[in-house]
Amino acid sequence: MAESPPTEVPEPPARPVLVVDFGAQYAQLIARRVREARVFSEVIPHTATIEEIKARQPRALVLSGGPSSVYEPGAPQLDPAVFDLGVPVFGICYGFQAMAQALGGTVAHTGTSEYGRTELKVLGGELHSGLPGVQPVWMSHGDAVTAAPDGFEVVASSPGAVVAAFENRARRLAGVQYHPEVMHTPHGQQVLSRFLHDFAGLGADWTAANIAGVLVEQVRAQIGDGHAICGLSGGVDSAVAAALVQRAIGDRLTCVFVDHGLLRAGERAQVQRDFVAATGANLVTVDAADTFLQALAGVTNPEGKRKIIGRQFIRAFEGAVRDVLGDKPVEFLVQGTLYPDVVESGGGSGTANIKSHHNVGGLPGDLKFTLVEPLRLLFKDEVRAVGRELGLPEEIVARQPFPGPGLGIRIVGEVTATRLDTLRRADSIAREELTAAGLDSLIWQCPVVLLGEVRSVGVQGDNRTYGHPIVLRPVTSEDAMTADWTRVPYEVLERISTRITNEVPEVNRVVLDITSKPPGTIEWE
């Protein structure tokens with residue numbers, strides 16, 4: 001088995017608030033909400049030992065929800081030694097119950113479950129001080145805390161939970177049965193912020209300016225006097241990563257734009273124009289379309305396509321180093337890997353590999369560069385904020401996400417030149433109509449997918465047709481960890497469908513994907 005490519009992962013920008021994941025659907029969302037309170041956070045699995053937690057020097061702990069019952073055999077447990085660390089702790093849902101149990105409280109199956117919107121009655125305390133006495137919250141529990149631990153004040157209740165929140169200000173401990181991290185709990189962010197800033201005493205120091213400054217210094221320390229090469233995909237992530245590294249090492253960075261033939265219409269010209277104008281960076285374009293298509297010939301498996309694209313991508317870089325940079329030593333490869341990429345590729349301890357990202361799990365084992373991934377701890381909205389802080393224009397930082405493997409993973413089936421041309425035309429029409437309708441700010445991204453191995457019968461011009469379907473996948477999201485389908489007006493969908501079926505040969509059907517994430521991922525492959 002090939003060894004993993006060398007990666008130097010710098011120290012986190014600050015001592016983190018650790019979100020302990022008990023199997024929650026929303027663990028990443030909790031981490032993001034902590035960051036929205038301008039406090040740095042990371043997620044760790046519940047299997048982390050006390051020694052591992054202590055080594056991270058956390059500023060506070062947040063215990064996530066989870067699907068288990070705390071009293072069932074094999075359920076994730078909370079080591080009571082956590083409370084001997086002297087750090088503030090906040091429990092949410094299952095984490096709230098695990099906290100109560102570990103501290104001597106009582107958790108039971110009361111026979112009264114609460115799922116969805118529930119009214120919370122505030123009884124006092126500091127956690128909900130200044131907020132409405134009765135407020136809507138989002139619940140998801142079958143068990144409940146029936147008695148708080150000694151020394152804790154019960155500060156809220158609900159119809160199904162006599163102890164819906166408790167706190168111990170002296171020990172800087174608190175918890176809630178509901179989910180403050182979801183948008184269905186209107187005052188949830190205020191409660192979480194109150195714990196972080198008032199209970200835990202943490203400053204609001206996780207800002208775009210501070211993030212950019214720290215990351216620039218980290219890159220400078222990692223690369224030293226070396227030279228780096230950065231791959232531009234045309235997307236936000238690689239552009240911000242390149243701008244950060246250029247700020248750190250100046251003209252010792254060379255940016256390479258690999259045209260792998262899997263780009264959308266007009267994308268190559270846009271990258272060459274916008275990025276160079278914004279940064280003045282050294283940019284080399286490599287035309288590798290034929291090489292990529294040859295490597296992808298006959299491949300239909302999504303994981304196989306991603307790994308081939310990742311491998312060919314690196315080979316194109318190595319060729320650029322030889323042909324363009326000559327004898328100048330280039331040791332570092334900059335990539336725009338984000339926190340969700342790392343999580344979905346199994347890069348976080350205790351996480352399952354959902355799919356290989358071309359810039360994480362799709363890299364070859366014999367990689368000849370050391371990776372520099374300055375954005376690997378950031379969510380997308382944080383990347384955009386850092387990009388603005390670095391002076392990148394809105395044309396770059398506000399772009400909708402586009403995967404590095406490009407249209408190669410938006411063709412279900414074999415990637416061919418003909419299918420790419422078909423998909424480009426359909427994608428261009430969809431983007432034109434969504435922009436004309438003023439929907440760009442509403443939609444996180446809209447993958448347009450060609451079902452290359454599927455045909456359906458149609459009628460066009462009184463003739464029977466047997467063409468491919470096109471799938472529209474407009475989604476709304478905040479960080480790509482979860483997503484919902486965007487309610488695009490019917491008249492806009494009608495225009496897109498009419499134009500695609502009239503203007504794109506071989507397409508006779510347009511369908512709309514209305515699946516949320518989870519269970520479906522944003523991209524089809």
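Backbone N, Cα and C atoms are what each Cβ position is placed from, and that goes for glycine too.
Here's what Swiss-Prot has on this protein:
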- 16-205: domain 'Glutamine amidotransferase type-1' (DOMAIN)
- CYS93: active site, nucleophile (ACT_SITE)
- HIS179: active site (ACT_SITE)
- GLU181: active site (ACT_SITE)
- 206-399: domain 'GMPS ATP-PPase' (DOMAIN)
- SER233, GLY234, GLY235, VAL236, ASP237, SER238, ALA239: ATP binding site (BINDING)
Those recorded positions from HIS179, GLU181, GLY234, ASP237, SER238 that fall inside 10 A of CYS93 (active site, nucleophile) by CA distance are HIS179
Can you tell which of the recorded positions (CYS93, VAL236, ALA239) has the fewest other C-beta atoms within 10 angstroms of its C-beta? VAL236
HIS179 (active site) versus ALA239 (ATP binding site) - Cα distance in angstrom: 35
Excluding near sequence neighbours, so keeping only residues 6 or more apart in the same chain, what lies with its CB under 8 A of SER233 (ATP binding site)? PHE257, GLY336, PHE402, GLY404, GLY406
Out of the recorded positions GLU181, ASP237, the residue with the smallest number of other Cβ atoms within 10 Å is ASP237
Integer Cα-Cα distance in angstrom, ASP237 (ATP binding site) to GLU181 (active site): 25
What does DSSP say about VAL236 (ATP binding site): helix, strand or coil? helix
Given the binding-site residues GLY234, GLY235, VAL236, SER238, find the one whose Cα is closest in space to the Cα of HIS179 (active site). VAL236
In the same chain, outside SER233, GLY234, GLY235, VAL236, ASP237, SER238, ALA239, whose C-beta lies within 8 angstroms of the Cβ mean position for the ATP site? LEU232, VAL240, ALA241, GLY336, ARG399, PHE402
Measure from the Cβ of HIS179 (active site) and count the other Cβ atoms within 10 Å, all protein chains considered. 24
